Amino acid sequence: MDMSRRTVIVGAAAAGVTAATLGTAHAAEVRKPVRTPFGTLADGTRVHRWSLENGGTRLKVLSYGGIVQSLEVPDRRGRHTNVSLGFDTLEDYVSSSPYFGALIGRYGNRIAEGRFTLDGRTHQVSVNDGENTLHGGAQGFDKRVWDVEPFTKGSDVGLHLYYTSVDGEMGYPGTLRTKVTYTLTRDGDWRIDYEATTDRATVVNLTSHVYWNLAGESSGTVYDHELSIAASRYTPVDAGLIPTGELAKVAGTPFDFRRAKTVGEDIRVAHPQLLHGKGLDHNWVLDKGITSRPGHIATLRDPSSGRTLRIATTEPGLQFYSGNFLDGSLVGSGGTVYRQGDGLCLETQHYPDSPNHPSFPSTVLRPGQTYRSTTVHSFSA
Ligand code: BGC
C-alpha cells in the first residue's frame, strides 16, 4: 500500500469512519487481529481471545481448542449478530462444552470401540462416548491450548494455530504436527486450511465444530433454516452412531437435501435412522468426492434474516448434526438456555469410523506425507 492511501485511511479512522464504510474493498486496509485475555486454566496456562474483522465478518477465536467463540455476520439490513453457539467464559468451555466452535482432532467423529488396526498393529484409543471414541477421545484437540500466530497478507487477515500431539496421546500412534489457518478474506469468507504431518503411520480426520444459527445464537431452533446438501448417499449408522458400512441412497428418505428444504421438514418422520441420533446426525457422502480445490457442497439459509452460508470443501463427507443432544442444561453467550435444535453443525470431514472400513476413503497419514484439507464458509444476505 502506498503512503498516500495509508494516510487517507488513518485519517478516516481518526474521523470515526470504519474501513467497511469507505465503500470499495481495495480501499480498506486490513486490521491486525487483536488479542485479549480470556482466562486461566487450572494448571495456570493463560488463554487468549483473538478478534478479527474483514469484509463485514467478525470472528473471535480462543487459543483454547481453536474455538470460534463468536462469529458475527450482517443480515439483509446490515445488522450484525453472532451466528455461532458458545459461552462467555473459559470455565464453561472447560466444564461443559459439547464442542461448541472447536477444532476437532485427531479424529473427527467416532471410531468403533476406540480400536483400529494399522499395518497389522491394533491400537486402542481413548473411549469417551459409551463404548466408542468421539472427536479424538477424552482430551481431544478441542481441549488443548494452541499456539496462535496472527497475520495479515494482502487483503486477508487471519491466524495460524499450531498444536503438536505427541506419539501415544489419547492412544494414537505418531507425533502429529498440526497447523490450522483461519483466514477472513476481504469478501468476509471464513476459510480453514488444515495441515498435518506425522513421524509414524497414524489416522487423521480434522474438522471444525461450529453450531450455526443464522438467525442468531439465542433465537430458538434452526428448524426453519433451509438447507441443501450436494449428496445422493449417506452412511446409515447403528444404535451407537457407528456407520454400518453401507452407502445408502437419500432418495425418498428424510436424508434427501439435494433440493433445499427446511431442517425441520422431515425431522419427525418415523424413519429408524432418525431414532439413533434423536434426529439428524449422519455423514452425507458428497457427490463431488475428494477434490484438490474446495467444491461447493451445502447452502444454509435463514429466511427471516436473509443470512446465507455457502460451504465449499476438499473433503468427501459432511457430518450434519441437528443439535439433538442440546437439552436445556446450558446457558449460552447470549444469556439464553440452549435447547434441542437451537444450532446445527456442518462438519466437513472423512467418514466416521473410516479406520475400520477399508471401502471408505482412507484417513491414514504416513511419514513424508502432508495431510491437507480446506473448507470455505461464504456469507451473504
Ligand atoms: C456428532 C454427534 C455428537 C456431537 C457432540 C457431532 O459431531 O455427530 O453425535 O453428539 O458432535 O456435540
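Positions of Cβ are set from backbone N, Cα and C atoms, glycine also.
TrEMBL entries are annotated by machine, without manual review.
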Among Asp43, Asp266, Asp281, Asp287 - the residue TrEMBL places in the same beta-D-galactose site as Asn109, Arg110, His209, Val210, Tyr211: Asp281
DSSP-derived class (H/G/I helix, E/B strand, else coil) of His209 (active site, proton donor): strand
Cα-nearest neighbour of His209 (active site, proton donor) within the listed recorded positions, Asn109, Arg110, Asp281, Glu347: Glu347
Three-state secondary structure, which DSSP defines for Asn109 (beta-D-galactose binding site): coil
Those binding-site residues in Arg110, Val210, Tyr211, Asp281 whose CB falls under 6 A of ligand 1, listed in sequence order: Asp281
